[in-house]
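A.B. asks: The structure follows.
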Amino acid sequence: MVVTRFAPSPTGYLHIGGLRTALYSYLWARRNGGVFRLRIEDTDLERNSQEALNAIIEAFNWVGLSYDGEVEYQSKRTEIYKEYINKLLESGNAYKCYMSKEELDELRAKQEVAKQTPRYDGTWRPEDGKTLAEIPAGIEPVIRIKAPTTGTIEFVDGVKGDMKFDASFVDDFVIARSNGMPTYNFVVTIDDMLMNMTDVIRGDDHLSNTPKQIVIYNALGVKHPNFYHVPMINNPEGKKLSKRDGAMDVMDYKREGYLPEALLNFLVRLGWSNKDQEIFSMEDMLNLFDPKNINKSASAYNAEKLLWLNSEYIKNSSNNRLIEELKFFDLDLSDYSKKEEVLNLSKQRANTVVELKKSIEDIINAPESYDESGVNKFIKEDSADILKEYLELLRNNQDKFSNIEDLENITKPFISEKGLKFPQIFQPIRISLTGGTQAPSVYDILFILGFDEVERRIILALEKNFKNS
Ligand code: GLU
């Protein structure tokens, strides 16, 4: 059975790189009918915050990635880690090191002068036939892992291929501090082992931790999981993604009007592909995603693509769904009689839910002002008369408001009989009804608003003579 996890440290909001790792882990577990766990790596008490934790859970709920079982918190598992520290001490795979801070600093300084890589010199490392110094009084020891000193640590990374690290890279690193608290790589390993992780998918910023974790697995005599290190998401210039480029809180995407399925679709493609397919429903992702196909090189964040995907998802969303999304932006269309019509029209052109809201409001709310440049350009001496005559036509044909075709059928002969050019009639109507010249088809707006509202807005525009005071 495949078991994966997402293991964020709650030191800040959940950003899209983290969400992408979570998505990949989630897809791989779900695709295999496996288990996806959420583990909060909150051992760094100074940098953790409850707020960040809430933000992670909130973002998870928003995008709908469900996890199995209870959330595990590392901060609640100290006793478990200590038990395994003791096991390693007992089996001789870890040892107590009484080197004082001063001695360690001195060692580092010497190595620096000799231009050597800083590493532990093995003073307290037990070896056959070696006599250790007497334990100094008043020093609480740290616990070090007894790592191999020669050879290599090798593993096959599911993304990057064969990995080989020189044993000297690992060193006898500390697995518990002098206050007894276990260190990062140790707790990650113990948790992954106890949670029966089969596949660890994480950012490649963790690649250098992996040989250390493998040394711990080996010391415990346990097989390590498969590792997949996912390359970073860069900005379009190939540099580290900054807030400005999109490295923001996942919940900011909601606030900017993105749909979660568009964001997930965007993220799945940032670092993974299936031929030239761009649109992936959750079902597609679950059928197709395989971490072995994760790209080997970093991917570039592409804001336009995200917008495009979002517009596709908005267009294809049901109106009921969009009504729910719009409520988040304080627009409640539930009781609006022409909600279907206005949504069918507006969702064709909106890149975000924020834009959707604006385009709906531009139609359903009477204009508060008239666009000056539009007025200057399109309102001519004869405009008022044309509008009055057209309004008269509409008044005599109120039964034609029940469908768009009928509205077209009465308008077209009017235009040709009067010998009008389209902008001569349509722009004054647009300006009267919406305040601007950019609105969609006039027939759509007439149809959505209905005769009474159309009449009210045209009369008002004529009374004000398209002026804003
Ligand atoms: N807690 C680590 C992070 O937030 C992830 C560790 C892991 O996936 O092994 O980056």
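Any Cβ shown, glycine's included, is placed from N, Cα and C.
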A.B. asks: Could you check which of 100-104, 205-209, 240-244, 370-374 is flagged in TrEMBL as motif ''KMSKS' region'?
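C.D. replies: The listed stretch tagged motif ''KMSKS' region' in TrEMBL is 240-244.
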A.B. asks: Pick from 8-18, 74-84, 338-348, 393-403: which range does TrEMBL record as motif ''HIGH' region'?
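C.D. replies: From TrEMBL, the annotated motif ''HIGH' region' range turns out to be 8-18.
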A.B. asks: Is it possible to get the count of other C-beta atoms within 10 angstroms of the C-beta of K243 (ATP binding site)?
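C.D. replies: Taking all protein chains shown, K243 (ATP binding site) has 10 Cβ neighbours within 10 Å.
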A.B. asks: Which value does the mean pLDDT take for the domain 'Aminoacyl-tRNA synthetase class I anticodon-binding' (324-458) in this predicted structure?
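C.D. replies: Mean pLDDT for the domain 'Aminoacyl-tRNA synthetase class I anticodon-binding' (324-458): 95.
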